[in-house]
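Engineer: Okay, here's the structure, questions in a sec.
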Amino acid sequence: MLGETLTLASAFCWAAGANLYKVGLRSMSPVKLNLVRSSAAAALLFVFVLALNKYEYFLLLYTPSAAYLLAASLVGWALGDTLYLISLKHIGVSRAVPLTYSYPLFLVPMSMFILHEPFTVSIVVGTVLIMLAVWLLSGQKTIQPEGSAKVGFVAGILTALCWALGVTLFKLAVASFDPIFTAFFKILVVLPFLAIYLKVLGPREAAPSTAPPKRSEVVSAMLGGLVSVGLGDMIYLVGLSLTQANIAVPLSSSTPIFSVILAAVFMKERITTRSVLSSVLVVVGATLLLSPTR
């Protein structure tokens, strides 16, 4: 029961982080915010690695599994999370989160052909439900004053694709690495690439404001990283190691429901019937996709 509880708690952490990121995106570009939040998360995870003596797993980085872990970090977190922040910026929390969490739509075929997992009736039904959720989201008229709704929608779909590939690669690597170390290592991989990208292409990247970020916006980005990437990712990976994947992933897919609620309460975002229905469809679809037929 502990694994299931931790996985559900991680979904709440990710939803809380999404709302905190929205504050930071008022003045920071998605890549800069990703660097800020990842730095904060790295500091937190470093403490856990030292305190729990997980640094010994560095000795396993010469194994073939390390290649999967490296690729999962770059695709799933460096690229995927940056696209996620772009989607948040353009279409808001209540729309971007349900869209990006449609990643089981891509994960299922990858798991079939790469991980050799079975194809069932529940997969067909779950896929249809998630496609319907994506259709509902793409049909909404945006009320966001900044950016383009089309950019946000495309970024959300690409995020789901990157996350699905990242999870698939992680499944190939997880047998060799401790989950807490894995959470820390992926941040170590991502940080240099984000820093280089920001240094080389940062001046050409469109920023929401020419003014420097306010202290409250930087703090929100850091808190989002601590809660979502640091605590959320860590307890998710620990929970995943304690229970079955087909139980953990559907539970973590409840993030859209938490996000819609938090966005309405704290961010004062306008919640439409389509947003709520899409969130429900994604959760139901993900549960069907990742649950075995009894």
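Including glycine, each Cβ sits where the backbone N, Cα and C put it.
Below, the features straight out of TrEMBL:
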type	residues	note
DOMAIN	2-138	domain 'EamA'
DOMAIN	152-290	domain 'EamA'
TRANSMEM	35-53	transmembrane segment
TRANSMEM	65-86	transmembrane segment
TRANSMEM	121-139	transmembrane segment
TRANSMEM	151-174	transmembrane segment
TRANSMEM	180-198	transmembrane segment
TRANSMEM	218-239	transmembrane segment
TRANSMEM	245-267	transmembrane segment
TRANSMEM	274-291	transmembrane segment
Engineer: Kindly report the helix/strand/coil residue split of the domain 'EamA' (152-290) according to DSSP, in that order.
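Structural biologist: Within the domain 'EamA' (152-290) the tally stands at 113 helix, 0 strand, 26 coil.
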Engineer: Could you tell me how many residues in the domain 'EamA' (2-138) are helical, how many are strand and how many are coil under DSSP?
Structural biologist: 114 helix, 0 strand, 23 coil
Engineer: Quick test of the contact rule: Cβ under 8 Å, at least six residues beyond the ends. What residues does that give for the transmembrane segment (65-86)?
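Structural biologist: Residues 21, 25, 30-31, 33-34, 96, 100, 151-152, 155-156, 158-159, 162-163, 165-167, 169-170, 172-173, 175-177, 182, 185-187, 189-190, 193-194, 229 contact the transmembrane segment (65-86) from elsewhere in the chain.
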Engineer: Would you kindly list the residues that approach the transmembrane segment (218-239) from elsewhere in its chain, counting only those six or more residues past its ends and only Cβ-Cβ distances under 8 Å?
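Structural biologist: For the transmembrane segment (218-239), the far contacts come to 2-7, 9-10, 13-14, 16-21, 23-24, 28, 33, 36-42, 44-45, 48, 81, 179-180, 182-183, 186-187, 248, 252.
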Engineer: Looking only at residues six or more beyond either end of the transmembrane segment (180-198), which have a C-beta under 8 A from one in the stretch?
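Structural biologist: Distant contacts of the transmembrane segment (180-198): 31-32, 34-35, 38-39, 41-42, 45-46, 48-49, 52, 54-55, 57, 69-70, 72-74, 76-78, 81-82, 170, 173-174, 205, 229-230, 233-234, 237-238.
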Engineer: For the transmembrane segment (274-291), give me same-chain residues lying six or more residues beyond its boundaries with a C-beta closer than 8 angstroms to one of its C-beta atoms, as numbers and ranges.
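Structural biologist: Residues packing against the transmembrane segment (274-291) from afar: 94-95, 97-99, 101-102, 104-105, 107-108, 122-123, 125-130, 132-134, 136-137, 139-140, 245-247, 249-250, 253-254, 256-257, 259-260.
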